[in-house]
Structure formats: C-alpha cells, structure tokens
Amino acid sequence: MAQEVSSSVAFIHRLLYTALRGLLGDRLKRGLKKEQVSTLYQNITLVEPRLLQPYERVIRNFLREIKLQSTEMENLAIAVKRAQDKAAIQLSELEEEMDQRIQAVENESRKDEKRKAEEALTDLRRQYETEVGDLQVTIKRLKKLEEQSRQISQKQDVTALKKQIHDLTMENQKLKKELLEAQTNVAFLQSELDALKSDYADQSLNSERDLEIIREYTEDRSSLERQIEILQTANRKLHDSNDGLRSALENTYSKLNRSLRINNISPGNTISRSSPKFNHHSSQPLAYDRSFHSSYADEDCDSLALCDPLQKMNYEVDSLPESCFDSGLSTLRDNECDSEVDYKHQGEFQTLHRTEESLGGDASDTDVPDIRDEEAFDSESVASVLHWQPQGSAGEGSTLSSSRKPISALSLQTDMVDNTSKVTSQKAYKIVLAGDAAVGKSSFLMRLCKNEFQGNTSATLGVDFQMKTLIVDGEQTVLQLWDTAGQERFRSIAKSYFRKADGVLLLYDVTCEKSFLNVREWVDMVEDGTHRTIPIMLVGNKADLRDVDNAENQKCISAYLGEKLAMTYGALFCETSAKDGSNVVEAVLHLAREVKKRTEDDDSRSITSLAGSTSKKSLQMKNCCNG
C-alpha cells in the first residue's frame, strides 16, 4: 500500500513538473525545481486531500493542451516552410521565363537586322553585277569592232569606223559617269536609310497624335451639331411666339385706338401724352389712358421691334451665322423672358378689354379714317420703336465675336507638318547614352529633351529613344538619343546599339567610385562594338552632390581624375548636373559638333576614294582600248 502511494505521488510530481515546465518555460527551468513541486503536492495532500483528483485532472488537461499546441506549432512551421519553398520555386521560374523572353526578343531583332542587311547587300550586288555585265558587253563590242577594223583594209570605211569608235567611246564614258553617280547615290541612300527609319517612327507617333486630335474634333463637332439643333428648335419656337405676339399687339392697338376714339381723344394728343415728355398738366379724365399707354409702350418696345417685317428679316439674317456657333450661354433666361412677355400682353389685353367694356359701345365704321390719320401721325414714333436696339447689344456682339474664333487646329497641324518635314529632311546623328545603372542617364536625357527633372525615375528596361534638334555651328542638327540600360543583363543590348552609333555619351556618378572604375570596361565595349573610331564624351554626372558628400567625408571623383581618364582615351570631358541642368546642353553640343565634323570628314574621304577608284578604272579602260 505504501509503495502504491509513493509511486502515485512520484507520478503526480512528474505530471505537475511537466505541466508547469510547459506553461512557464524558461522561468521554470531557472527557478522551479522538483523539490518545490513535491512540496506543493504534499501541502495539498495535507491541507485538502479531496483536491488531489481535481488537481490531477487539471494537470492532465494542461499536458494535453500543451501537446496539442506543440503539434499545431510544428504543423504551422511545416506549412510556412512549404510556402517559402513554393515562393522560391515560382520566383526562379519567373526569372527563367523573363530571361527566355529577353533572349527571344534579342534573337528576333538580330535576325531582322541581319535579314535587312542581307537584302540591302543583295540589291547592291545585283546592281553592281548588272552594271559590270553592261560594261563587259560594251567591251566585247569594242573588241569585236577592233577586230573587224583590222580585217578591213585601212582605206575602206575609215571615216565611218572612226565615227563609230568615237560614239562608242562617248557611250562608254557616259556609262562610267552613270555608274559613278549610281554608286554615289547608293552611298547616300545607305546613309539616309537610318534617318528614314527614325523618320518612320516619328511619323507613326505623329499620325497617332493626329488621329487622337481628329477623334476629339469629331466628338466636339457632334456635340456642337446637337447644340445647334437645340438652338434652331428654340429659334423656331421664338419665331412662333413672336408671330403670336405680333398678332396680339395688332389686336391690342386696334382696340386701344377704338377705346380712345370712343372717349373723344384725338390721336395727336394720345401720341404726345404717351411720349416720354408727356404733359403733366393734362386733364384728369385722360390720366388713366395716358398712364396705360405709356406703360404699354415701355414694356412692349422689344416686341414691337420684332413685329416689323423688315426688322424681323434683318434679325433673322443676323441670327443665321450665330446659329452655327455655340455661345456657351444658357437659354433658360430667354424662355423665362418669353413667358413674362406673354403674361404681360395677356394682362394688358384683359385690362384693355375691361376698359373697353366700361366705356361701352363698339367703334363704328366711321372711325376708320380717324384711325388711319392716327396711324399716319404715329408712323414717326412707330419707326423710332422699330429701330430700337437693346442696351448692351454692342458689348454682347463684341463678346460673341471674340469668343467665336476660327478653329486653328488645321493650320497648326499644317505648320507642324511643315516643321516636321523640315526636320526630317536633314541627316539624323545617332547618339548612345551608356554607363552603369543609377548614374543618371534617364534624368540627363529628360533634362536635355524636356527640361525637367524627376527624382523618382524608374530603372530603364532595354532601350529608350528620344529626338532632339540643336543649332550646331549655325545649322539645325537632328540627334537620335538612345538611352541604354546599365544593368548587367542588358549589356548585350547596349553593345548592339554601339554598332551604328555616331557618338557616345559615357556617364559616371561623381559620388560613386565604382561607376568611375567601370568606365574602362564601357570604353572597351564601345571599341569592340564599333568598326570605326567614334567620338566619346565622358560625362561626370551629379556634380551638385559632390559638396554634400565632401561635407560628410565621403569619397568623390574629382574633375582632375575624370579629365585625366578622358585624355587617356582621347575623349571629350565635361561635368554636369541633371538636377540643376548645368552643362547638360553644352556637353551634347560639343559631342554633336565633333560627331558632325567627323561624319563630314568620313563622307568626303569616301567620296574622294570612290572618285579615285573610278578614275583608275577609266584610265585602265582607256589603256585597254588604246592597246
């Protein structure tokens, strides 16, 4: 019995110790011992033996939960490891796919360039063979004629043979001249082929911009046509309302004249009293009619101006051009004015009708001559009303005329096309920007072409292309600026662009020694990629950061070291800052001047050598003919 109790006590001690170690961890290892656990268990046994079984159950539950948590932690660790492995595999697959795509694009571009070069070479070879064949046929004819002349006696047909030989000699010289011109044209065409490629790219971009502008103009025109239709509909409604107002005014005037005739008021007095300078000392019974007629003439002067047929026709003629434009003003106020005029005329008509009824009786046929006299007397005042113009019409007309300016898109586009034709007619020189990554090539190009600087530019992938026109020695010079990527994986692409370059802008960072040390590698790459010596401008960029780095005791590249390295390779040298724009244009101008000078020298040497070779050939032909 005692052994069982002791064994159970030891088991409980182990359970308690294991549970507390799992819960407390390192703190249990540092401070909790088995003796303390046994002491705690003995105290519980002595104080309250009934708590032993619940205590043991609690300990077992603790152990079970600890095991479950440890199992879950292991599962989570396994899952995290699997996810990391999967992500690494996917990343490697993406890198391989990107490299494959880059390689495929590079191979395709190489094949295209090779195919184009082979086609051009085949055409030149075919032309050369054709011309050589023609010359050989001519030579054979000459030899044949010489043999015939030897066989024939010297006395027979000497004059004819000399003439024939002279003609053949002239023809031979003409053919040689044409051959020289053809070879010269081929050389010029070959030099202009690159310019035409760049021109094609520019024209495609310009055509896309023109299509976008035309699309915008089409949308604007459709919206303007819709607005014109709305304005024409409103104009027709206004003309209809004017016709109604005219008929209402005629009826109102006739009834007014009749009522005045009933009250034994003369037309002259009525008109004089209705004028702005009416007599304030008139009799009291006529005060109502004078005030009514004066207010009527003041409120309806606008409608009277539109009731006259001539004035209405002039108004319609003047409004025809305005219907083709949108003034940009709302027409809601016009509708409100029309409704107010209709309401006023309706009220005046009712007031006049009530006045006529209060006076009693209708106008007789004998009143017609008086009415005619009144109309004749009132023609002057009506004519003045018919020539009425609203205040501010001149100002509004000037505003509308100033806002209705002709659309200058076509003229601007024509000017742009003319300027483009002027630019593209010149030779374009290809300048390649090279250097390590993050030396500021893209910022340099943006400052040169757009006069802008962005501090958060992204890395160039592959090659970027810009055009820039500069005045070099008083002449417009077109530059094709190719911004190459500086990363290691894009070096092969950059090297391929050196092959047809006319000049190189080799940039390094004055605050980064590694970019300066890699300049030698870039120069070797340029020399390997070109079949001739081209000008190189060594540019120390980010010169504005040198003072800051010197203040922080960081190593920078001095201008003396850059100039010394440039002298070693026979290159130009300049320090620039794309941030503040210092020496950016000057560096490109110096390089463009050197490129232009060297290209002109090469062209002159090629033409001279070509002329010399043709003269040697002609001399050999003459010697052959004379022999």
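The backbone N, Cα and C atoms fix where each Cβ goes, glycine too.
Computed from a predicted structure; not experimentally measured.
According to Swiss-Prot, of the candidate residues SER266, SER275, the site noted as phosphoserine is SER266. In Swiss-Prot, the entry for phosphoserine among SER272, SER604 corresponds to SER272. Confidence for the coiled coil (55-245), expressed as mean pLDDT, is 87.
Shown are the binding-site residues ALA438, ALA543, ALA578; the one with the most C-beta atoms within 10 angstroms of its own C-beta is ALA578.
Annotation for SER442 (GTP binding site): spatial neighbours THR457, THR460, ASP464, ASP483, criterion Cβ-Cβ under 8 Å with sequence separation of six or more. Taking a C-beta cut-off of under 8 angstroms and a sequence separation of 6 or more, ASN541 (GTP binding site) has the following same-chain neighbours: VAL439, GLY440, PHE444, LEU507, TYR508, ASP509, VAL510, GLU575, THR576, SER577, ALA578. When secondary structure is read from DSSP and collapsed to three states, ALA543 (GTP binding site) falls in the helix class.
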